[in-house]
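Participant: Straight from TrEMBL, here's the annotation block:
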- Cys640: active site, glycyl thioester intermediate (ACT_SITE)
- 25-40: compositional bias 'Polar residues' (COMPBIAS)
- 930-1055: domain 'Ubiquitin-activating enzyme E1 C-terminal' (DOMAIN)
- 1-40: region 'Disordered' (REGION)
- 833-860: region 'Disordered' (REGION)
Amino acid sequence: MSSSGAEAAACSPPSKKARLDRDTGSNCTGNHNLPLATNNKQEVDMAQNGGANEIDEGLYSRQLYVLGHEAMKRMGTSNILISGVAGLGIEIAKNVVLAGVKSVTIHDQANVQISDLSSQFFLREEDVGKNRSDVSCPRLAELNSYVSCNSYTGELTEEFLSKFTVVVLTASSLAEQLRIGEFCHSAGVHFIVADTRGLAGQIFCDFGDNFKVVDPNGEQAISNMVASVEKEENGILGVVTCVDETRHSYESGDHVTFSEVQGMTQLNGCEPKEVKVLGPYTFSIGDISEMSDYTKGGIVTQVKVPKFISMKSIKSAMDAPEFVLTDFAKFERPGQLHIAYQALHLYISQHNSMPKPHSQSDAEKFLALAQELNAQSATKQEQLDDKLMLLFAKTCAGNLAPMQAVIGGIAAQEVMKATTGKFSPLNQFLYFDAYECLPEDGVDGVITEAMCEPKNSRYDGQTAVLGDQIQNQINDLKYFLVGAGAIGCELLKCFAMLGLGSGENGKIIVTDMDIIEKSNLNRQFLFRPSDVQQPKSSTAARAALKMNPRLHIESHENRVGPDTENIYTDKFFTQLSGVANALDNVDARMYMDRRCVYYRKPLLESGTLGTKGNVQVVIPNLTESYSSSQDPPEKSIPICTLKNFPNAIEHTLQWARDQFEGIFTQAPETAQQYCKDPKFIERTLKLPGTQPFETLNQVYAVLVKEAPKSFEDCVHWARIMFEDNYSNSIRQLLFNFPADQTTTSGAPFWSGPKRCPHPLKFDIKNPVHFEYVMSAANLRAANYGFKQCRDRDLIADLVSKVNVPEFVPKSGVRIETSDAELQGRNDSFDSDAVESLQQNLPSPNDPSLPKVNPADFEKDDDSNFHMDFITACSNLRAENYDIAPADKYKSKLIAGKIIPAIATTTSLVVGLVCLELYKLAQGHKKMESYKNGFVNLALPFFGFSEPIAAPKNKYYDTEFTLWDRFEIDGEMTLKEFIDYFKEKHRLEITMLSHGVSMLYSFFMPPAKAKERMSASMSDIVVKVSKKRIPSHVKSLVFELCCNDDTDEDVEVPYVKYNLPN
């Protein structure tokens, strides 16, 4: 989440200019009553993503890691029509424009009503009475200058519809859906219906009779190293066994191809072969009887084989629907909602209006209509859910921002699937509902018709569902939003639409210590190009205020953690209604989770990874916390694999990243510490093993031995580094372990995961060789404050003058072949060598010492040589070991540990979060009311479950969970504290700690224990920790180890020790 300022000058897409008036957009055109005419065509072409084969990687980088270049190119030629731009339509349009299609035309013949502001975030109160499409278009256009945005208010004729790749209807009658759907199906135009009615949503997709899916799931192709290929079943069936380091992870039905196979060379580059899994390390590949016998080696790689899907038109699908299940606990719900939606269209056609919000009489009319329709329907439900029909009727007139976000996120992803063939489309109907958001005891008598009557308020769309009392509760909520990135921006948008924090007692506090980068603009939709290099939190807060000027919002630029507990104090947390996390790292999430448990505040936790997303709601005294379960740790690469035996590009990239950090960051930092820290030598000499010698030798090299005097010296150093890394070290390795080396068992040493390397001969004409030297020299120059040089001819000339010493491999050089050998190595340092180094080091105060500047790795700045170095460094090592190289784009993903991201998933996830917020605002108490969720839009998959209850522990007959604690008010001596637990709780304290400080233990020396017994608890904390208790700290936390009456250890809660005022 950090950024260099170097790209600020070039942060905006080429055609985007900062505008003073955000109400107009240079890439927005209005056509009002005419089909897309020739006068717009130029606008559309100009807005294309940098041309047919050019994509702005600086803007789309995180999305590119989700979709890939080919899909992005296909999407960049697509024209999209979205009809209806109330809350749902604008949500879809926002996500599609951010994604980078060629053009988006929004269509609406209706004028803005005040109730639209409940979920349409681009509308303002002064827009009431104006056309929705015309008002929204310029604000939509600001999201992405590469996308042409057009407003259209005419009729949806077949001539007009035929100009689009995808047509999306969000506010159409069933008759209109059938008319347009049938035309689109016959004309080859992809067709989507998306609709929300209160707490229910619907999506339908029709991509034609023969839709090509090029990648069903978007997962990275799996590669494995081959251990053997056997001919079984009379020499016919090929059975592949993989090297047993890891399971192959293929599934039956997958397809694979091969490379680097010796002996059975017919497999290399073969047509994809279908896999049948036989075991975790074995699978069959069909008939190989005509192939030679296998000798050794080989890599097997998964191949994504396109598949074709046939979809029905909406007219055909209505009577024989296929449903995507969104909640396995509501197995019968899609069929019920299918009837409800048809009944609603019929009701509107008969009454020329929707059922009134929470009107019992209108709901009963709707129910009668639904029952009649069901009886005649080809999709008749055996038992119509009357209660569901009544709820649907009472709430369908409302529009809720979270529902628009959920359905809008899913529908926008379907638009992308239609234009790219990337991921599996919905087949074909999806229904989703969230009636758990209504009062737990039911709506009858709790939400009345009078509570839901329009009041000429921007929240009328929300009160139509929830009533004005719940609306007032939402207005008065106080929420702490931690993070203003992608999830944070979407949450602020939803908070603004909900009115959260807009009441007299309400407030939103948002904090984020980051600044806006160009790559953020693709999914953090509150930011514009002119905001780059500005603080995220304050910029997002201003944008949210434009959406709802009634918000009370306060922005901070603080990192949450122990260092800011003087800001986020007991008083701060006590006033909160809850916390919403919008963080991108586990440590910060766990810290905020601990804070919420301590202060007993609800936590809304969420995250995304490409098309995957998850939501967790943490409820005080009810559920487990975020920290109660953790993902397994990432698998680490063995050190010896990195040092000497890489077999995958991930290994060489990690090695390159380690080179960068070691040479350009850690070494200069160590030299800086030597110059600034008077106790540096003292601390260094206390380090174990050879570390004292290595550390001092590093300082000597940076400041004296290898310190360059000019850029020419930097080039010389870089050329020698190439020789050392890619020739000399490899020659030494092959000297120790020749290509024909065998193990003690007689097996080839260079086999399985060990790939035999070869040294490289430097070639100035080889672009990778040159890029390595150029980037390494410039990074070295930056370390020492020299002016960087991009003159390739000059650098080539300097390289040609470098005299490279002859290298001869040495006997007696030890090279470990496993991490076990490495750990067993017993290195000791030569005290005389260390003493000699100390004497040779210059004084830290010597003014002639070079001023070194450590590099701070920044993957997104293409001008700083960081990724140029890592890419070249990795690919040269890959060349050593005959590993396929990776381009800069893939190298950035792996070495930069980039989290792929796309706006659609963020939209969906935040919608789900805010549905849980509705429940928290009302104080729902039942576990079954809440939903944790996991989604994967690529498949698509939706999984919801009740939160897990907080685990219960017990001492004696007292049950407790992580939410419980002992609470003590006022000061006590240690003796009084121990006696209190003995007398009141029958617990004998055997150990007592505060943080890392041990305050008391049964094995403590008697004299020390006696001395502490009469001291106050706070005095003991100060004495043992050697730190004063800050003035903002109102209570201390003590951890106890206790025995019960039987002298057995028992687990007990912690102690909250409230200090006297």
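Each residue's number is its place along the chain shown, starting with 1.
In case you wondered, yes, glycine gets a Cβ from its N, Cα and C as well.
Whatever TrEMBL says is automated annotation, not expert-curated.
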Participant: Just how many other Cβ atoms lie inside 10 Å of the Cβ on Cys640 (active site, glycyl thioester intermediate)?
Facilitator: 17
Participant: How does the domain 'Ubiquitin-activating enzyme E1 C-terminal' (930-1055) divide up by DSSP, counting helix, then strand, then coil residues?
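Facilitator: Tallying H, G and I as helix, E and B as strand, the rest coil: 29 helix, 47 strand, 50 coil.
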Participant: With DSSP helix as H/G/I and strand as E/B, how many residues of the region 'Disordered' (833-860) fall in helix, strand and coil?
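Facilitator: So the counts come to 8 helix, 0 strand, 20 coil.
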Participant: Could you tell me the mean pLDDT the prediction assigns to the domain 'Ubiquitin-activating enzyme E1 C-terminal' (930-1055)?
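Facilitator: Mean pLDDT, the domain 'Ubiquitin-activating enzyme E1 C-terminal' (930-1055): 97.
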